[in-house]
There are 2 protein chains.
Amino acid sequence: MNTLYLSAASNVEWLESVFAPLLEHDGFIRTLWHIFCQVRDAGGGSHIAAGIFRSDYMLHLLDTSSEKTASLKQVEMNTFSCAGACHAETVVNMHRHLAKVADASKPIGKRSLPSLVEATESTDGVVRTLRAAHKAYKTPPTDRQTCILMVVQPWNFNIADERPIEYGLWEGDVPCYRCEWPDVLSSTRLLDNGMLLYTPTTTSEAEIEVSVVYYRAGYDEAEYLTDAGRQTRLRLEMSKAIKCPDVLGHLAGTKIVQQALAEPGNVKEFLPQEKAKDVQAVFMSMQNLDTLASELEARGKALDEDTVRDQVLKPNLEGGGYNFYGTEILDHLDHMPRREWCKFTIMQRIEPPPNIHGLLLLDGGIYHGPVVAELGVLGGVVWRRGARGTLGLMRNEMAGFTFKTKPKGVNQLNVVRGYGCFDCPRLD
Amino acid sequence: MNTLYLSAASNVEWLESVFAPLLEHDGFIRTLWHIFCQVRDAGGGSHIAAGIFRSDYMLHLLDTSSEKTASLKQVEMNTFSCAGACHAETVVNMHRHLAKVADASKPIGKRSLPSLVEATESTDGVVRTLRAAHKAYKTPPTDRQTCILMVVQPWNFNIADERPIEYGLWEGDVPCYRCEWPDVLSSTRLLDNGMLLYTPTTTSEAEIEVSVVYYRAGYDEAEYLTDAGRQTRLRLEMSKAIKCPDVLGHLAGTKIVQQALAEPGNVKEFLPQEKAKDVQAVFMSMQNLDTLASELEARGKALDEDTVRDQVLKPNLEGGGYNFYGTEILDHLDHMPRREWCKFTIMQRIEPPPNIHGLLLLDGGIYHGPVVAELGVLGGVVWRRGARGTLGLMRNEMAGFTFKTKPKGVNQLNVVRGYGCFDCPRLD
């Protein structure tokens, strides 16, 4: 899956054809694409890039009357600023501990420790990938220190998912500094040779050369509304530091790319035949909203309750929480000019097995009832862009997983917003 | 030092002679001694006991004009409910991390990482000792689970210093349950054969046999003011579970025992000649307040400013925060009936080197100025009481350290009350 998206992200012509119809109306994609063009035209950036990807899957029933027809389907591919690695590890460890405690109080003959998944070392998976990228940064030997710059959002609630990565890097003697998105322009300096220098806020003793820019910010449309916001991203991309990931890697995670890859025939353009079939099978059917509407109109029809009942509408934004489900879609479209429809992907809803029950500790209290779970497979990648859109994979490894569960009635799955919980799969 | 205090604690006749003068007026010592007598007379308890001890030292200048005359002196010996192992480890790791971060931003030629002490694995030191005690608990094989019962105070602020020990035990597959002091009577049951059974609050499936009682409560006089409080301690002591530590081990940590051991000649009663001299040298001069006052009176004198100027007055209570220094002593004695004077030990004040400066983050803000530090050496012990007061040491190991620093002007050193900080010694 990593190879598929990276191959697509390396093929600029193909990407351009995918984004072309959206550039006029999707401001976020236009901003990112424009930054890519500026960097390309100036001959800036790095040929090497890295990524912490998270491919999210849910179980889907081909036939809702039989659980035997369940198979994994891709919800979305996250290529930018993926969160959850540290939380997932903490929660798995917690569940394993609690299961042990609960079992220990039973009489010795009556014990049966549930078979929980092994601890995921996903924090270390992220750290390993960043360290590999740091080592891949070639620089003529100077007496300058190099460092990883973790670009973060100010006051982000989710800091506990960032700090363990920072500490893990330092423990392996890779300096890592947090820099808040609004401070990037004042704390960094871009030299003519592309070197990015960072001055830690705690000391003014030395400028440090940035080897890797690890983005944990820059995924919100709002971060690009000011000129300073756009200049922030542009400076980072323009530098020869390795970006985790660069702007093309970022764009590869948009819904429109997922939709384009899901179209019959496209997967095998990027993957060998034997892999293509398996990968193709995890895609749900999806289409651009504008394209679908035009097709219906050509047949004298329009979007109606029947058309949207088992569909979900998704914009090109990171993370959950922006989607519309079933007939909500019609209400939402009533308030949107037709020219903006091209910004949305419409995807067949995943139909998870209905009879899985769970116990969740939500903001509002304890929930006991049917649940739906989502498996996120974390991948750590480092790659090199060759001539004419070729991809040179330098590293591609499974870097752990995340597992989240929500009540079945809740459509959105976004733990930070309180719509679900980190969880731990039970294997028996 | 562990051997000295344990030898004393094993010699009941000697202890009795030490406590006899206090029993009438020191309610706390009387309560504990009475519990010991009840257990002894009933033939209850265990022959094996364990301890997490912390011997606290400060640097003392024999000649205040020369730092070369500095040597370590014992502030006090803590044998009961010693805290700080987990915090100390966290703070040392934090200082090592911060030192690395500060150094990394210097140009490569100008770096000099301060030589901080190696990380202390004091949490694991405590866990190892408790696990050894757990293994030393012999029981006829039944299908009962055994567990360590960590008896804690409700709402204790310092829970972060307890939890890592609990988790460390579970990680090594030693079940450990927290039970709050006021819940002990309702959650446990003492069988006629001395077996102590505990019912976890989270399940009523099974009673678990307690192998080790690890006290993190029961050190406050207030916990024994009710009959239920005294019955709580009595039940735990009466059981055949191994106590960490038992009531004699607890009493060995009182100031009156330290004072008795410090009296010339007593150390060599308990230790071999070659060790006795070194150990004797770490004691400051100390005396019972009542004895001192009587001696002065016999010479027609009384306690005055000259007598108390370089002295500190200490009651038989755990931890710092109850002491009076220098002329404060006279004010304090003005409000105390003479019959209670026997409860106090008066000790020559330790005179630390004056010119050590430090930076502390206190409740009230940042402090920069002269500081005083205290080194706590953690010991993990398991011992067996033989016939006629003999001591059989089964385990005696250094279990890490704590290091605390306070502003020089502050007399009390008690981190939980905000009078000082956990710290990390710099060795260069």
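A Cβ is built for glycine as well, from the same backbone N, Cα and C atoms used for every other residue.
Look at TrEMBL and you will find B:R54 tagged as substrate binding site. Under a cutoff of 8 A between CB atoms, and with a sequence separation of 6+ in the same chain, the neighbours of B:R54 (substrate binding site) are B:M77, B:N78, B:C82, B:G84, B:G376, B:V377, B:L378, B:G379, B:T402.
According to TrEMBL, the feature ATP binding site maps to B:E76, B:K255, B:314-323, B:Y325, B:347-350, B:E374, B:K406. Close to B:Y325 (ATP binding site) in the fold, though at least 6 residues off in sequence, lie B:Q311, B:V312, B:L313, B:R349, B:N411, each with a CB less than 8 Å from its CB.
DSSP assigns B:N78 (Mg(2+) binding site) to a strand segment in the three-state reduction. Of all the Cβ atoms in the protein chains shown, 21 others lie within 10 Å of the Cβ of B:N78 (Mg(2+) binding site). For B:E76, B:N78, B:E318, the entry in TrEMBL reads Mg(2+) binding site.
For B:146-252, the entry in TrEMBL reads domain 'Glutathione synthase substrate-binding'.
Around B:P315 (ATP binding site), a 10 Å sphere centred on its CB holds 18 further CB atoms from the protein chains shown. Residue with the densest Cβ environment among the binding-site residues B:R349, B:K406: B:K406, by other Cβ atoms within 10 Å.
Residue environment of B:E76 (ATP binding site) contains 22 other Cβ atoms, counted within 10 Å of its Cβ in all protein chains. On the 0 to 100 pLDDT scale, the domain 'Glutathione synthase substrate-binding' (B:146-252) averages 94 in this prediction.
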